[in-house]
Amino acid sequence: MEQERHEFSIDWAGRKLTVETGQLAKQANGAVLVRYGDTAVLSTATASKEPKDLPFFPLTVNYEERLYAAGKIPGGFIKREGRPSEKAILASRLIDRPIRPLFPEGFRNEVQVISIVMSVDQDCSSEMAAMVGSSLALSISDIPFEGPIAGVTVGRIDGQFVINPTQDQLEKSDIHLVVAGTKDAINMVEAGAEEVPEDVMLEAIMFGHNEIKRLIEFQEKIAAEVGKSKTDVVLKQVDPMLEQEVRVKAEEDLKQAVQVPEKHARQDAIEAVMDKVLETYEDNEDVPLSEVNEILHKIVKEEVRRLITVEKIRPDGREIDEIRPLSSQVGILPRTHGSGLFTRGQTQALSICTLGALGDVQILDGLGIEESKRFMHHYNFPQFSVGETGPIRGPGRREIGHGALGERALEPVIPSEQDFPYTIRLVSEVLESNGSTSQASICASTLAMMDAGVPIKAPVAGIAMGLVKQDEHVSVLTDIQGMEDALGDMDFKVAGTRKGVTALQMDIKISGIDRAILEQALEQARKGRMIILDNMLEAISESRSELSPYAPKILTMTINPDKIRDVIGPSGKMINKIIEDTGVKIDIEQDGTIYISSADTNMNNKAREIIEDIVREVEVGQMYLGTVKRIEKFGAFVELFKGKDGLVHISQLAEERVNKVEDVVKIGDEILVKVMEIDNQGRVNLSRKAVLKEQKKAEEQNQK
C-alpha cells in the first residue's frame with residue numbers, strides 16, 4: 001500500500017524545522033527527512049525480524065556525511081567518500097548514547113539507525129537534525145522504542161543562554177553544550193567550556209532540557225498521526241526455575257567474591273565460582289550454558305549494586321566519595337619534548353607532548369568550512385592495559401571519542417598562536433585500565449604539557465562520577481572503577497581547572513536523571529578535582545620556563561605583506577632555496593608574520609637574515625658595498641644584498657672614459673656604489689662615478 005506523504009513544521013531557535021514522512025525510503029521500518037534551515041538529513045530505522053542469540057542488544061547508529069551536501073567532490077583518485085571523518089564518528093556516538101537506554105530490556109533484534117546528511121547549512125546543525133531524525137524514525141516505526149528523545153546545543157554569550165547558536169555566535173560563546181533527553185529526564189550530556197562554574201553548567205543543562213520538552217511534544221504528535229503499531233517481540237528471559245537453582249548454588253560464594261578489593265584477584269574469585277557452577281551443567285543438554293552464565297552475571301550485578309546503594313560498600317572497600325591512590329610524574333622519557341605519567345589506583349596513562357611548527361597543523365576539510373587545528377589530543381588503548389590479547393587495529397569509535405573529550409577539556413587552557421607559535425600534539429597511551437582512563441589521560445596530558453614548557457593558562461584534571469539507583473536508594477560515586485562503570489547506571493566525566501569546568505560527558509543506562517542527582521555529581525566531582533590537582537602540582541608546580549633542547553626553536557619576524565611574493569619567489573623557488581640552504585621550516589601568514597623553526601637557533605638566524613635581505617628596500621641616494629655578479633658590454637650588474645641588484649652603466653664606472661668594463665671591474669669584485677634612481681619598472685640604476693666624486697670632494701675638504 002502506498003504511504004501518504006506528510007509534512008510537519010515547528011520553529012526551532014528562530015529557524016524552521018520541517019519533518020517529511022511517507023515519501024523517501026519507504027521500505028525501512030521508519031524513515032523521515034528532517035529539514036532544518038537549508039540542512040537536510042534522511043534518517044532511517046530498520047530491525048531484523050528475528051532476535052539474535054547474543055548477550056547484548058545489537059544496535060548500530062551511523063551518521064554519514066556526503067560531500068555533495070556541501071557542494072564538494074571528494075579528493076584523491078577514487079572520488080568517493082572514504083572512511084568516516086572524526087566529526088562523523090563523534091556525531092554517531094552523540095546520537096547512539098541517548099537512544100541506547102530506551103529499548104526494552106532483553107530486546108535482541110538487530111537494529112540499525114542511519115542518518116545521511118544530504119544538504120548542509122553551516123548555521124543549522126546537521127548533528128542535531130540527525131538526532132531528531134533518528135528518534136523520529138524509531139518512534140514512527142514498528143520497532144519497540146521508549147522514546148522519543150531530542151537534543152539541543154546550548155551556548156552562552158554575555159551571560160545569556162542561546163539554543164542552537166550559529167557559527168558566529170559559537171565564536172563568542174564560552175559554553176558549547178549538547179544535551180539530550182526524554183520529556184521527563186536528561187540522559188546524555190556532552191560539553192566543552194571555558195572554565196565555567198558548576199552552577200552555570202547545571203543551569204545550561206536545565207535550560208536545554210526545557211527546549212527538549214517542546215521538541216518531544218512535536219515528535220509525539222507526528223508519531224500519533226503517522227506512526228505504526230509497535231511489534232510484539234520476544235524479549236530474552238531466563239527460566240525462573242533454572243535461575244532459582246543457580247542462585248542456590250552460587251549466590252553466597254559470589255557475594256564473597258565481589259568484595260575482594262584487588263581487581264584481578266576479584267575477577268579470579270568470581271570466575272572460579274562461575275566455572276564451578278558451569279561445570280555442574282556441562283553434561284546437561286537441556287540447559288544452555290549461555291543462560292547459566294547470564295544468571296551468574298546477573299547475581300554479580302545485583303550484589304554489587306546492593307552493596308553500593310544499601311550498605312554503601314564499594315567493591316574495593318572505598319568510601320562513596322573516596323578517590324583511589326594518586327601518583328603524578330613528569331620527565332619520564334628523555335628525548336621527547338614533554339612527558340607525564342598519571343596513575344590512579346589500577347588506571348595509568350602516559351602522555352607525550354610533541355611541539356611542531358605551525359606548518360604541522362591538521363587541515364580539516366569535511367562538510368564544514370576548511371579549518372586548521374594546531375592542538376591535537378590522541379588516545380590509544382592497547383589490549384595489554386587490561387591484561388588481555390587481541391588484534392592490533394587503528395583507533396575505533398571509543399578511542400576517537402576519548403581523544404576528542406581530552407582535546408575539548410584541554411583546549412581552553414592552550415596559549416594563543418601569538419603567545420606560543422607552535423603546533424601541539426598530545427598522545428595518551430593507556431598502560432593500565434580499571435576505569436576512568438579518559439580522565440587519567442587528561443591529567444597525564446596536562447603534566448606532559450607543563451613538562452614540555454607549554455605556558456598553559458591553568459592545569460586541568462578530570463574525574464569520572466558514577467551512579468547506582470535501586471528503588472529509593474541512590475548512590476553517587478566519586479572516581480568509578482571498571483566494575484562500577486559496567487554494573488552502574490551512569491558514567492559522568494567532569495574535567496576542569498580550579499576555576500571551573502572545561503569539559504563534561506555523561507552517559508547513562510537508565511531512562512534519565514534529574515537535577516538533584518546532576519547537582520550532587522557536579523559538586524562531588526569539583527571536590528575530587530581539587531584533590532587531583534593538588535597531587536599533580538606536587539610533581540610540577542608550573543610549566544617549565546624553557547623548552548626541551550630537542551624541541552624546535554621558533555623565531556618570529558614581520559614583513560610588509562606586499563613582500564610575501566618576493567620571499568616565496570616564482571613557483572616557490574626563493575623560499576625552497578632558503579629551506580634547502582638552512583634546513584629550517586618556514587610558515588608565512590597573510591598579515592606578513594613569518595615563523596622560522598628548526599632545532600638549530602643559528603640556522604633560524606641565518607634564514608631570518610636572508611629574508612631580511614630579500615625584503616630590504618633599496619633607498620635612492622644611499623651607498624651600498626655590492627658584489628659584481630655579471631658583466632655586459634654596456635655595464636656591470638652589482639648585487640647590493642641578497643636578491644637585490646642594480647646596473648652600473650659603463651659611463652658610471654669611473655670619472656674618466658671607460659672603453660671596456662673589464663678594465664675597471666671583474667666578477668667577484670666588491671665595489672662601493674650609489675643608488676641614483678629606481679625607474680618605474682623597479683630597475684635600480686647605480687653609479688660608482690658618483691661615489692668617487694664624493695670621496696674626492698671629502699678628501700679635498702679634509703686637506704683644507
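Each Cβ is built from the backbone N, Cα and C atoms, and glycine gets one as well.
Counting every protein chain shown, the number of other Cβ atoms lying within 10 Å of the Cβ of Asp485 (Mg(2+) binding site) is 17. The Mg(2+) binding site annotation in Swiss-Prot covers Asp485, Asp491.
For 552-611, the entry in Swiss-Prot reads domain 'KH', with the evidence type sequence analysis.
Annotated domain 'S1 motif' per Swiss-Prot: 621-689, in sequence order.
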*For Asp491 (Mg(2+) binding site), which residues in the same chain are close in space, meaning a Cβ under 8 Å from its Cβ, but six or more apart along the sequence?*
Ala464, Met465, Gly466, Ile480, Asp485, Gln505, Met506, Asp507, Ile508
*asked:* On the 0 to 100 pLDDT scale, where does the domain 'KH' (552-611) sit on average?
replied: 93
*Give the residue counts of the domain 'S1 motif' (621-689) per reduced DSSP state, in the order helix, strand, coil.*
7 helix, 36 strand, 26 coil
*Helix, strand, coil: count each for the residues of the domain 'KH' (552-611), based on DSSP.*
32 helix, 16 strand, 12 coil
_Secondary structure at Asp491 (Mg(2+) binding site), reduced by DSSP to three states_ = strand
